[in-house]
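Peer 1: One structure, pasted below without further comment.
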Amino acid sequence: DEILHSLARPPSPPGLAPPGWRVPVDCVRANELCAGESSCSSRYRTLRQCLAGRDRNTMLANRECQAALEVLQESPLYDCRCKRGMKKELQCLQIYWSIHLGLAEGEEFYEASPYEPVTSRLSDIFRLASIFSGMDPATTSKSNHCLDAAKACNLNDNCKRLRSGYISTCSRELSATEPCSRRRCHKALRQFFDRVPSEFTFRLLFCSCKHPACAERRRQTIVPSCSYEDKDKPNCLDLRSACRTDHLCRSRLADFHTNCQATFQSLTSCPGDNFQACLGSYAGLIGFDITPNYVDASTTSITISPWCSCKGSGNMEEECEKFLRDFTENPCLRNAIQAFGNGTDVNLPPKNPNPAVTVLPKAEKSPILPDDVNDSNTAYDTSVISTCSSLQEQGLKPNNSKEQSLCYSEAQLTTDVMPDQKTFMDPNEGSSQHRESRILLLIPILIPALGL
């Protein structure tokens, strides 16, 4: 039992490796090393046979299976991991799950990530992207960071090519009854987020907004009408079960839970206070049926959810709601997104908060916004002034019946301004640690006000 529990135990939070922790070998290499040793290779074959078609108790009662576990515990396969985007990623993940699927007691709610821990910080991306250069109170009211992110992507050949590719694929109507190829759209999205550096992809996904049109641009980043939305919302547990039948999707979901599972034992509610790991895990889910996205064009709060609900859960409703809350009410994920948007990583000095619009229009279905239109709604007159855009302006050629415009009128906007530095916390918490975290997160607001 101890061997099984040690194999199934989730890894330590990123950046907090325990004493004596071994650097993991990737599972493809570990499999090659095991194959080169007759004892390991025979025991590995035995273990796979033990796990195939047997329940856990039957496996534990078999001496041969126990012996195989004991030998493999000393082999590189014991704690092998995979790297995101590695050449043989799928093969690596198949090897990982061939061992680990049978080691847990039943189907665990949270599974350990098969990926190597992320040790880099958001500050690395801030330095690479220089996304907050020149920002000051006089210019931030007119800036649109999501539009800036799109323009920055267009200046990079690889980012521009892969972004144009998925937008074209996800916007192409196949027939009157089939608006797009969801499978091809997901594949193109996965290629974009796997092959383009995070200093570009993070800016598109997590840019901060002060206007609803900017927030709608952010929501439209993944072309949700094809990659995200559907006629009916499936049950979230059905969506999770379907994801777990695919090694790649299962791995990305386990990685999200490992790096974004909220903990109130850290300042930021994230494991190891590692925002970079959480945001990378979130981006890794895009391009699957469990793809998450912003639910609306809010500029004052962030709500993330996969396209699913808990209707029809029966006696599993509590478990379903728990799964859904890991997206919709996750303080780690919200804090990570807001930290990136505000340029305030844990290891960076705080920056001035961004102003935000307080009244929001209802989200409208619309195509991806073109990069040559400033949609920040900075010019107004006494009549209704709107920001409109279409797919044709972006160089795409959608079917005429699919052409739509996104328009926001002045009547839907207000000029009320409030700090955008908002952190989600458990409303029932009352520990001194949470009070300290709120005080620390208020520092960026207090310093400018006091003239320090």
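Even glycines carry a Cβ here, placed using N, Cα and C.
According to TrEMBL, the protein has these features:
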type	residues	note
DISULFID	CYS34-CYS40	disulfide bond
DISULFID	CYS146-CYS207	disulfide bond
DISULFID	CYS153-CYS159	disulfide bond
DISULFID	CYS170-CYS185	disulfide bond
DISULFID	CYS180-CYS226	disulfide bond
DISULFID	CYS209-CYS214	disulfide bond
DISULFID	CYS236-CYS308	disulfide bond
DISULFID	CYS243-CYS249	disulfide bond
DISULFID	CYS260-CYS278	disulfide bond
DISULFID	CYS270-CYS332	disulfide bond
DISULFID	CYS310-CYS320	disulfide bond
DOMAIN	226-270	domain 'ShKT'
CARBOHYD	ASN342	N-linked glycosylation site
CARBOHYD	ASN399	N-linked glycosylation site
Peer 1: Around CYS146 (disulfide bond), which of the listed disulfide-bonded residues (CYS34, CYS170, CYS180, CYS209, CYS214, CYS260) come within 10 Å, judging by Cα atoms?
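Peer 2: Final answer, ordered: CYS209, CYS214.
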Peer 1: Between the disulfide-bonded residues CYS249, CYS270, where is the Cβ count within 10 Å the lowest?
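Peer 2: Comparing Cβ neighbours within 10 Å for the disulfide-bonded residues CYS249, CYS270, CYS249 has the fewest.
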Peer 1: Pick from CYS146, CYS159, CYS320: which of these disulfide-bonded residues has the biggest number of other Cβ atoms within 10 Å of its Cβ?
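Peer 2: Top count of Cβ atoms within 10 Å goes to CYS146.
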Peer 1: Give me the count of other Cβ atoms within 10 A of the Cβ belonging to CYS185 (disulfide bond).
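Peer 2: Its Cβ has 25 other Cβ atoms within 10 Å.
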Peer 1: When you rank CYS159, CYS236, CYS243, CYS332 by Cα distance to CYS34 (disulfide bond), which of the disulfide-bonded residues ends up on top as the closest?
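Peer 2: Checked the disulfide-bonded residues CYS159, CYS236, CYS243, CYS332; minimum Cα distance to CYS34 (disulfide bond) goes to CYS243.
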Peer 1: Same-chain residues six or more away whose CB lies under 8 A from the CB of CYS153 (disulfide bond)?
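Peer 2: Listed in sequence order, they are CYS159, LYS160, ARG163, VAL196, PHE200, ARG203, LEU204.
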Peer 1: Summarise the domain 'ShKT' (226-270) as counts of helix, strand and coil residues per DSSP.
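Peer 2: In the domain 'ShKT' (226-270), the DSSP-based counts are 25 helix, 1 strand, 19 coil.
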Peer 1: So which disulfide-bonded residues are near CYS270 (disulfide bond), with CA atoms within 10 Å, out of CYS260, CYS278, CYS310?
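Peer 2: CYS260, CYS278, listed in sequence order.
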Peer 1: Select the closest residue to CYS170 (disulfide bond) from the following recorded positions, measuring between CA atoms: CYS214, CYS310, CYS332, ASN342.
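Peer 2: Spatially nearest to CYS170 (disulfide bond) by Cα position is CYS214.
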Peer 1: Which of the disulfide-bonded residues CYS209, CYS226, CYS278, CYS310, CYS320 has its Cα closest in space to the Cα of CYS40 (disulfide bond)?
Peer 2: CYS278
Peer 1: Could you give the mean pLDDT over the domain 'ShKT' (226-270), rounded to a whole number?
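Peer 2: Looking only at the domain 'ShKT' (226-270), pLDDT averages out to 93.
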Peer 1: Given the disulfide-bonded residues CYS236, CYS249, CYS260, find the one whose Cα is closest in space to the Cα of CYS214 (disulfide bond).
Peer 2: CYS260
Peer 1: Can you tell me which disulfide-bonded residues out of CYS185, CYS207, CYS209, CYS249, CYS332 are within 10 A of CYS236 (disulfide bond) by Cα, answering none if there aren't any?
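Peer 2: Checking each Cα against CYS236 (disulfide bond), there are no hits.
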Peer 1: Out of CYS260, CYS320, ASN342, the recorded positions in the record, which is closest to CYS332 (disulfide bond) when you go by Cα distance?
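Peer 2: Nearest in space to CYS332 (disulfide bond), counting only the recorded positions, is CYS260.
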